[in-house]
């Protein structure tokens, strides 16, 4: 436990140093509007990252969650538009259910055919994206057609402040949703049998089996929960940006996986925490957003993300080196 | 009796170690028959097969590259980015005023500069592959994450080099590599054959190939057996990078352009074809012949669907479904 805590302390220290550096280069970083927009940018990626964290703790990896998110948000919004239905609770339940169903599909193939999760989720991502774009079309549901209540839900602010330039900036209330999901996830991982069996399974599947962990149920739990979070985050994204685009989130898996690894989770499974992941997400989002503030050309963004992935994995590989041959 | 004795091993081979190949050949024939039956006049045209022979090689070489990475239980998610980066670097070389002038003058200078461009592209591929190899074999980063990261870096560098838009205007000799003909057969197809034969020989007949199979079968045992495991893995990723660069040359030669995000769907297809071709993603098993058969099967499938005007999105979905189906078949066939 202590090593986990120290891992988080290291990430937090890195975060603080990076923040100070960015602040020195461009003081605008500490502006309320920038901090609020940073918090806003954390919400959707953060919720997805919590799902990926769960999968990584179990020793797997998922590249299908962006496709699941896009499918859940687009199917839900298109259905709402078609039925002329407006509301908040039911759509979010629907999106989550779509996520769970797709997650179940992942779990079924991974568990039944004992296949490497990366390959399985590459395949399911392609199926889900292809079917959504092929059957439902590619047209974006824009703000005029988006259900009004969904937009109103995403628009809510916790506090709003008037910035120096006169514009009003608000801290989105969706931050509370993110924190709520994180707290639940933390409790599940740390204080329930299911959460402990995810750690046990990720640490060593065979030992977990012999210790009496129901491995099948664990795998289903992991992928269904990740699917649920992906579906939920997808619709949340739509309500926050006021449009539904079936092509959203393409390539996002890289950022999210990078953030989770940066947060100290081990891809070998058995290690990782909610707090670490949240710090990892914040660090990655902040660095990406701040590249613009620091007047770095946007074309360099991908290089920076790649270097962060390599550096973070190199450090975790060094930390976990004894586990290797 | 003598005939019997000769036959038996063949039958045993067909049912035993070559069962996967036989099964694949059957799938390929089945797809061919179905597609030919569904659209007889369009599918069976010479033109259709000719166009397949131009498009197939770049994907095929990426598939073989993926298979080589999978032999040791790894994976290379950066191959498409390497291919694009290699083609773009060469494209930038051709853009250099002095080089462009010499190419415009034609003659031996143009050919010489094209060869130079090919060497540059191959060097970029080799360097990228070596970087992957160092990260995986020396720093012990898990291949998925290492190549995910380097893939971002390579794609990012390609974006930085081009600033976004595609690079066009490759010299004639370069586009010949992607569109030309040699002895009536597409030039890229010849390159695919050469790459396939070389890799098959390396895997089957050299120390490197045998060692890679052993490492993939049991990494720990391989170390105890005295195999210089990390060096072998380094070589395998260098090979993968080199092949990715060749694919990049073919792609840019065929389309006479290169862009940072070309061919992104090739990544999934390369994984799919490698797995369909009997490669075990956990390592230790993989054959060039299997990958080539799987490649032909899926090229026929997608060309048939394109003729039937199935949308590209649905074709993507079918590819994914095929991958899942293959996983299921491989599982059911394998001894439990």
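Cβ atoms are placed via backbone N, Cα and C, with glycine included.
What TrEMBL records for A:9-29 (among others) is transmembrane segment. Sequence-distant contacts of the transmembrane segment (A:9-29), counting only residues of its own chain at least 6 positions beyond either end whose CB sits under 8 Å from a CB of the stretch, comprise 262-264, 276, 279-280, 282-283, 286-287, 290, 293-295.
Annotation source TrEMBL lists transmembrane segment at A:35-56 (among others).
The annotation transmembrane segment is assigned in TrEMBL to A:89-109 (among others). The list of residues near the transmembrane segment (A:89-109) in space but at least 6 beyond its ends in sequence, with Cβ under 8 angstroms from a Cβ of it, reads 62, 64, 68-69, 71-73, 75-77, 79-80, 115, 117, 120-121, 123-124, 128, 147, 150, 219-220, 222-232, 234-236.
Look at TrEMBL and you will find A:116-141 (among others) tagged as transmembrane segment. Long-range contacts of the transmembrane segment (A:116-141) within the same chain, counting only residues at least 6 positions beyond its ends with a Cβ under 8 Å from a Cβ of the stretch, are 55, 60-64, 66-68, 70-71, 74-75, 77-78, 81, 102, 105-106, 109-110, 243-247.
TrEMBL lists A:167-189 (among others) with the feature transmembrane segment.
Here the transmembrane segment (A:219-243) has Cβ contacts under 8 Å with residues 40, 43-44, 47-48, 50-52, 54-55, 58, 60, 62, 65-66, 68-73, 76-77, 91-92, 95-104, 106-107, 110-111, 140-143, 146, 150-151, 153-154, 172, 174, 177, 181, 194, 198, 201, 249 of the same chain, all six or more residues outside its ends. What TrEMBL lists as transmembrane segment is A:219-243 (among others).
The transmembrane segment annotation in TrEMBL covers A:249-268 (among others).
Tertiary neighbourhood of the transmembrane segment (A:300-318): same-chain residues 254-255, 257-258, 261-262, 264-267, 280, 284, 287-288, 291, selected by CB-CB distance under 8 Å and a gap of 6+ residues from either end. Look at TrEMBL and you will find A:300-318 (among others) tagged as transmembrane segment.
Remote same-chain residues near the transmembrane segment (A:167-189) are listed as 32-33, 36-37, 39-40, 42-43, 46-47, 50, 53-54, 57, 154, 156-161, 195, 198-199, 229, 232, 236, 240, 273-275, 278 (criterion: CB distance under 8 Å, separation of at least six residues from the stretch ends). Same-chain residues lying 6+ beyond the ends of the transmembrane segment (A:249-268) with a Cβ under 8 Å from its Cβ atoms: 4, 7-8, 10-11, 45, 48-49, 52-53, 56-57, 59, 61-63, 65-67, 69-70, 202, 234, 237, 276-281, 283-285, 288, 305, 308-309, 312-313, 316, 319-320, 323.
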